[in-house]
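The structure under discussion appears below in the form of structure tokens.
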């Protein structure tokens, strides 16, 4: 039996790691925590109409028409540099949709910030819904970048999303206006492709946050992709760990508490227990 772990909440209650997870138990952790680190993945945006990557019907299952050796090749920097046309064609299906709005999960994270409990949201998503939900940029780290800007693969000339939007929406590859004639530069959205390194700022922020975190929450992520995959292994042992996800993860990834199901429904249930109004996060 795992050791009992005590949490300083108003009731001075003890919870054990093998206790049946309930929204009430988890709610008490949210009530007492002051520095919550939230890791978010594609699962928090599926209710906004944005497909995730690995589930049935997800993005990877839609890439057969591009004749790639593996689905991941669509998002590999070597593939992009050698032939950016497949990515631009695929990006058209993502960027051309303008009806996406933040989900209840996004509003929940904003609510945590408003209540002074959010240490940091490390998001794996590139959809920009964190910004749309009003979460302060200082509280969000976009681990995989975003479509908010684009840079030349050669000379690093940079432009805003509006500067590349028409090309993404049409699926036509945008060449660099500065160097293409001499160096064949191509404009690439500033999302992190496989084969690229995450900005060094990640390591700096994480090192600082690991000294402060008192509750670790993963929502809608399979934790399969670095650098986020390694965070849970670096947490202090005393920090409780919660998974909120449609599916359970590998047994090798250890959580103290798991709530399985629709992520939006789960965070709403937690808010009801806490008497928190999600509309405040709108």
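Every residue gets a Cβ built from N, Cα and C, even glycine.
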Quick test of your reading of TrEMBL: among 1-21, 22-42, where does it put region 'Disordered'?
1-21
Hey, does DSSP put residue 179 (Zn(2+) binding site) in a helix, a strand, or just coil?
coil
Students should find that the Cα atoms of residue 176 (Zn(2+) binding site) and residue 144 (active site, proton acceptor) sit apart, in Å rounded to an integer, by 22
Measuring CA to CA, name the entry from the binding-site residues 152, 155, 179 that ends up nearest residue 144 (active site, proton acceptor).
152
Any further residue of that chain within 8 Å (Cβ to the Cβ centroid of 152, 155, 176, 179) of the recorded Zn(2+) site:
153, 154, 156, 157, 177, 178, 180, 183, 185, 187
